[in-house]
Amino acid sequence: MNLETVAKVDPEIVAAVRGELQRQRTHLELIASENFVSQAVMEAYSCVLTNKYAEGYPGKRYYGGCEWADVVENLARERAKALFGAEHANVQPHSGSQANTAVYLAVLNPGDKALGMNLAHGGHLTHGSPVSLSGKYYNFCFYGVDAKTGRIDYDAVARIAREERPRLIVAGASAYPRVIDFARFREIADEVGALLMVDMAHIAGLVAAGIHPNPVPYAHFVTTTTHKTMRGPRGGIILTTREYARDIDKAVFPGVQGGPLMHVIAAKAVALKEAMLPEFKRYQEQIVTNARTLADALMGYGFNLVSGGTDNHLMLVDLRNKNITGREAEDILASVQITVNKNAIPFDPQKPSVTSGIRLGTAALTSRGMDADAMVQVARAIDLALSYGPDEKKLEEARGIVAELCRAFPLYQELD
């Protein structure tokens, strides 16, 4: 990572960047929404396309000099369409939240009714939370998970849809560890005359590799981020049919955004090409293997997992039987250099700033090359940190496990 020029201009920023690199190298990253991009993605992200304004779309720009921007955006669009089997792709959204907002703008009027997953049950802020624009401008009602199984109750979803008659149904989640039945969601949407949007931000990499069912054949709109399991830059994509292509494009620009970030779109294109390689499928398979191994090992140590395990890259740990909160667990694990996020569990008695659980994901550790055997060690370190109270010897043992794993699976050696 060549920061010589930056160091001459702004040594404070260089110190922070180098500190962050050291943190990433020496900590176990278990936040489910984080990952480590490739060197190729990182280089594309920092290219000269950051200088180019390109309002509009390829062939229909509002600025001159966009011939190479058009090449880059067309490559990204065509790769997204090919990877997921979509008829149309918009690669301009700056984030998953922007992508979701654009879909709402395209098909809803303020006050229209929509049905989404309850944030407290694993949904996302942009699926109608009252603190989000989505909840302020649209009339969202909610479905959730069954109290006993921790899984989506599709019969309850259908019942709510019949009662509420939403214009749009939103499927997808930010903290749901099980396969989502998109075909069932489409049946429900068709029954009540609703459109279906799927937010696959967390599982897009698994979908691209054929490990999780693809929502594209079932949904009118599919949104995703390009980071998380996709291992690309931070950004968003919308996939849709030809029927809604124009509406979506107008909703993104000029609806919710101005000029696209062309350097980010270049990095998206690189990540999409990487996702087409055979090794990407093997990588995604290892993510799921690692998640299941970590889940099983944690349950072996007496941790309770929402829904009893995982089908994808993430798991929700219910800490109530350990007599600690999610916030306390996050802080304790940080002290042994394991990074997680506190997370509400379904029917959580704690407030969102405290929570009764933590969310764990295996995408970033898998990017470092860690395998199932390493996950057993990760589970051991988590148990040492959380199951024995303030025991400094146990915490030091956990730190030793973390340090050894970080040495055995180094990160970004090429950046030295």
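Glycine is treated like the rest: Cβ placed from N, Cα and C.
Marked as (6S)-5,6,7,8-tetrahydrofolate binding site by Swiss-Prot on the basis of sequence analysis: Leu119, Gly123, His124, Leu125. For the recorded site, Leu125 ((6S)-5,6,7,8-tetrahydrofolate binding site), the DSSP three-state label reads helix. Long-range neighbours of Leu125 ((6S)-5,6,7,8-tetrahydrofolate binding site) (same chain, six or more residues apart, CB within less than 8 Å of its CB): Ser97, Leu119, Val131, Ser132, Ser134.
For His227, the entry in Swiss-Prot reads site 'Plays an important role in substrate specificity', with the evidence type sequence analysis. DSSP assigns His227 (site 'Plays an important role in substrate specificity') to coil, not to a helix or a strand.
The N6-(pyridoxal phosphate)lysine annotation in Swiss-Prot covers Lys228. Over all protein chains present, the Cβ of Lys228 (N6-(pyridoxal phosphate)lysine) has 27 other Cβ atoms lying within 10 Å.
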Original post:
What's the CA-CA gap between Gly123 ((6S)-5,6,7,8-tetrahydrofolate binding site) and His227 (site 'Plays an important role in substrate specificity') in angstrom, rounded?
Top reply: 18
**OP:** Identify, in sequence order, the residues in the chain of His227 (site 'Plays an important role in substrate specificity') that are 6 or more apart from it along the sequence and have a CB within less than 8 Å of its CB; answer 'none' if there are none.
**Re:** Ser33, Glu34, Asn35, Val37, Pro233, Arg234, Gly235
Original post:
Between His124 ((6S)-5,6,7,8-tetrahydrofolate binding site) and Lys228 (N6-(pyridoxal phosphate)lysine), what C-alpha distance do you get in Å?
Top reply: 15
Original post:
If you draw a 10 Å sphere around the Cβ of Gly123 ((6S)-5,6,7,8-tetrahydrofolate binding site), how many other Cβ atoms fall inside it, taking every protein chain shown into account?
Top reply: 25
**OP:** Around the Cβ of Leu119 ((6S)-5,6,7,8-tetrahydrofolate binding site), how many other Cβ atoms lie within 10 Å? Please give the count over every shown protein chain.
**Re:** 24
Original post:
In which DSSP state, out of helix, strand and coil, do we find Leu119 ((6S)-5,6,7,8-tetrahydrofolate binding site)?
Top reply: helix
